[in-house]
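Comments concern the structure below.
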Amino acid sequence: MVVPACVLVFCVAVVAGATSEPPGPEQRVVRRAAEVPGPEPSQQEQVAFGSGDTVELSCHPPGGAPTGPTVWAKDGTGLVASHRILVGPQRLQVLNASHEDAGVYSCQHRLTRRVLCHFSVRVTDAPSSGDDEDGEDVAEDTGAPYWTRPERMDKKLLAVPAANTVRFRCPAAGNPTPSISWLKNGKEFRGEHRIGGIKLRHQQWSLVMESVVPSDRGNYTCVVENKFGSIRQTYTLDVLERSPHRPILQAGLPANQTAILGSDVEFHCKVYSDAQPHIQWLKHVEVNGSKVGPDGTPYVTVLKTAGANTTDKELEVLSLHNVTFEDAGEYTCLAGNSIGFSHHSAWLVVLPAEEELMETDEAGSVYAGVLSYGVVFFLFILVVAAVILCRLRSPPKKGLGSPTVHKVSRFPLKRQVSLESNSSMNSNTPLVRIARLSSGEGPVLANVSELELPADPKWELSRTRLTLGKPLGEGCFGQVVMAEAIGIDKDRTAKPVTVAVKMLKDDATDKDLSDLVSEMEMMKMIGKHKNIINLLGACTQGGPLYVLVEYAAKGNLREFLRARRPPGMDYSFDACRLPEEQLTCKDLVSCAYQVARGMEYLASQKCIHRDLAARNVLVTEDNVMKIADFGLARDVHNLDYYKKTTNGRLPVKWMAPEALFDRVYTHQSDVWSFGVLLWEIFTPGGPSPYPGIPVEELFKLLKEGHRMDKPASCTHDLYMIMRECWHAVPSQRPTFKQLVEDLDRILTVTSTDEYLDLSVPFEQYSPGGQDTPSSSSSGDDSVFTHDLLPPGPPSNGGPRT
């Protein structure tokens, strides 16, 4: 039978690690079978496994062609990842298989529900013996196990940063074929003992742990044995916790360079940073004959900066081709992260071609001798004059008295940097300001205006063009007020624009000022996007620091959704009035899509948010979602995760396990938070995530693999996206780019007139079914799910009403 090319896929049942001897009672076997072309949806691949085996099913097309987003189902019901069931885009693993795992498994396209491949899985009582030949006839060279590659096992101590992947190998042989098992600190080590599980590659004699965290530290021992004996090897793993600090630049780089006219030059800059760094190469230039501005800061041009497809390795090298005399000068490597900035500079000297040098050699040697004598004599005269001048000006000595008091007009200062990310490379305007900020010792600023900040021409706004209005709210180190600004709109400079102004409180410290300046500089560096709160300007001269950002008229997303719930809900914002507008499925999907777009942009700029939630998404008058507070400098090591926010919510409920337990923050931990935000969107105006669950119980449930149940107004497809965001292994979660694509497809097929049935009782969200949001519970099945998903939606992939 000829299978059409468009549906041809390869379906693989993987059976690995089989030996000629039955495995011991503690051994776990991964069974593998040869790759075969995938059947049509009506066909099934028959596969048998032994009880206790690790089952691995794979489904992928020939030549690596993408199949699109997929889901796995058992007996027609969607599978959900857990500590025992690992679900990937094209691979399914079931650890410690039992009779309950027998059935028909299928891999389906997530949106079209087209079946890509079928497996009929049978689980028997006897463990698998693999595909090896029957080992009853013992060969002449029978004996105890031995290491086959001992030279690869010399490195017994492994120290890696958190979030890396670690592999331990113990390649061995023997007759009969030995079995391998693993111990951690002398005790049996299994996948359920670790968040994210482990991968046992029996055919490769290896143990793999992805996204390691500090709790993975310890001694790992492989035990290889058969009936003639056993051998073992112990490795020590040390996971280095990431600490917040500004980037560290390798000393001596970039180095000064001397080049011949027309040659090529490379500057190198080695950057070390746990937090994702931004790297830029700058060249110092002259403007109107001066290399510095009126405030003493240098003029520079940005030569190289991060793009969507550039890597840090590429940014660490600046290449100049066919250099000219105009290329000579000072170059700076600038690296920054959410903690601070570092920079090193080097000089390029361009010499004329060799023939020109030969002509000037003779004359140059004569002039050099005369010049050297002249310089020495001139320096001698200067030293004598300086000594005489100092003696004439020194006051007569007095007896012991009160110590001299020196008036300090500025606080002791640290260096900070101001960048403009979207300026032209050929611009001669000052693009970077290396300014001085107050020290971090923390005295109260009696008058913030005494601290002088450098003016940035692109962002500076005169205070006379700003009219402050009513307060909008308070933050951890400042307050936000509404204001009218003239000159923000470049097309209509005389028209006032409503803005939000961030400023410090009266009792602010110099650390608070440093944080506000850092937030402003981070917003400059990240640039503009429709779905983030953008910087509009700043007032840094002649008074306290004002940071002008976009104004969102409808407040944060949580209150926006809450105000639009139908009346009569126990937790509605105001049960006595009708909602402002009724939301449709498409409205909510649009909210999620816009937030995903904003996070995709922030990720492309290598910005990790670390506090993504509905409370930190603002809504404009035109219902545009804008992510806020992405530029805050958060000290993740000193943060009190148990402290409630001003609205009484615990930030821990939005945090990924690796961030919660080990304080490892990556773009993938932001993806977890996005999944919780999705739950908020489709539980409009409802309680906080994990309602009624105490924090201590929440920690336990997350470690056991429990996740929140599907909201009543959420479709199967959207809930599958949530569950993918909540995958225990960070690398298995989707990227924000993938989330944008998935939500775009769902948004396209969603009708504009499908209204949500939001009139669900509050018991839907409270485990105990109490009448008030303050009820507490240890967690019931109504909030968490650990089992299979409900049956899928219709084949068109659109949301159900």
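Just so you know, glycine gets a Cβ as well, placed from its N, Cα and C.
Pulled from Swiss-Prot, these are the features on record:
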| type | residues | note |
| --- | --- | --- |
| ACT_SITE | Asp611 | active site, proton acceptor |
| COMPBIAS | 130-140 | compositional bias 'Acidic residues' |
| COMPBIAS | 766-782 | compositional bias 'Low complexity' |
| DOMAIN | 247-349 | domain 'Ig-like C2-type 3' |
| CARBOHYD | Asn96 | N-linked glycosylation site |
| CARBOHYD | Asn219 | N-linked glycosylation site |
| CARBOHYD | Asn256 | N-linked glycosylation site |
| CARBOHYD | Asn288 | N-linked glycosylation site |
| CARBOHYD | Asn309 | N-linked glycosylation site |
| CARBOHYD | Asn322 | N-linked glycosylation site |
| MOD_RES | Ser438 | phosphoserine |
| MOD_RES | Ser439 | phosphoserine |
| MOD_RES | Tyr641 | phosphotyrosine |
| MOD_RES | Tyr642 | phosphotyrosine |
| MOD_RES | Tyr719 | phosphotyrosine |
| MOD_RES | Tyr755 | phosphotyrosine |
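Figure note: comparing Cβ neighbours within 10 Å for the glycosylation sites Asn219, Asn288, Asn322, the maximum is reached by Asn219.
Its own atom aside, the Cβ of Asp611 (active site, proton acceptor) has 20 Cβ atoms within 10 angstroms in the protein chains shown. DSSP assigns Asn256 (N-linked glycosylation site) to coil, not to a helix or a strand.
For the recorded site, Tyr719 (phosphotyrosine), the DSSP three-state label reads helix. Rounded to a whole number, the C-alpha distance linking Asn256 (N-linked glycosylation site) with Asn219 (N-linked glycosylation site) is 46 angstrom. Annotated pair Asn96 (N-linked glycosylation site) and Asn219 (N-linked glycosylation site), C-alpha to C-alpha distance, rounded: 24 Å. Here the Cα atom of Asn219 (N-linked glycosylation site) is found 55 Å from that of Asn322 (N-linked glycosylation site).
Note: the domain 'Ig-like C2-type 3' (247-349) comprises 7 helix, 49 strand, 47 coil (DSSP; helix = H, G, I, strand = E, B).
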